[in-house]
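One structure is given below, encoded as structure tokens.
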Amino acid sequence: MGIGYGPADEQLEKQIGCVKYTLFCFNIIAWMISTALFALTVWLRAEPGFNDWLRILEAQAFYIGVYVLIAISIIMMAVSFLGCLSALMENTLALFVFIGTQIFGFIATVAGSAILLQYSTINSSLQPLLNVSLRRFVSTSEYSYSNYVLTMIQENIGCCGASGPWDYLDLRQPLPSSCRDTVSGNAFFSGCVDELTWFFEGKTSWIVGLAMLMAMLSVICGVMSFVLVQAVKKEEEQASNYRR
């Protein structure tokens, strides 16, 4: 393989070399991105304060997408090495296996990102969970634990109630001082459901961005691997024709 018998064969060999080493470089980049994605998702899952908030608010469904992306980032780190080896060896079977893993990686990455967004954006499945939990805390705000949770959230985020200060009025509870701006003394107009959702969305934006970049690289690597397979097959056919 790789033996040139004329100008056309030499040109094909150069093209194979170009595709092969470009694919190798893309796999190195993919490995770096999947490593960064793994680090960010593990950090998000292990962050103590963030984890405590989700546990208190009973919104740990947020972590479903995180778990999917942790798993796929580990797989794609390993697959990147397979891509490098299969490209350098010009092994068509290994390249076909690599193409299959890239298709799987693309689907799984997009699915994991979609699930994560489904539990971390405005008008997502996260907001009803937060609304139920926060309204329950507001309705029992006379108890020390509920008051502690509401104070922690409202003072740190700068919000009031689930959807606004009228939640306290609707549930016949006094408006606490944590619902007011310490400078102006005015009540926070924004509800904690929207403010928390924006807070969670900010936490996941970089993760989803990296995941989409990794999915795009999966498409590029898959296409380049297919081009390399066709080129290697053509080279093998030409070599066999010369031997006859």
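Yeah, the Cβs are placed from backbone N, Cα and C, and that goes for glycine too.
Keep in mind that TrEMBL annotations are predicted by a computer and have not been checked by a curator.
Taken from TrEMBL as is:
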TRANSMEM  21-44  transmembrane segment
TRANSMEM  64-88  transmembrane segment
TRANSMEM  95-119  transmembrane segment
TRANSMEM  206-229  transmembrane segment
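The stretch from 21-44, 95-119, 206-229 with the most CB pairs below 8 A to the transmembrane segment (64-88) is 95-119. For the transmembrane segment (95-119), the residues of the chain that approach it from at least six positions outside its boundaries are 59, 61-62, 64-66, 68-69, 71-72, 75-76, 79, 82-83, 86-87, 125-126, 200, 204, 207-208, 211-212, 214-215, 218-219, 221-222, 225-226, 228-229, 232, judged by C-beta separation under 8 angstroms.
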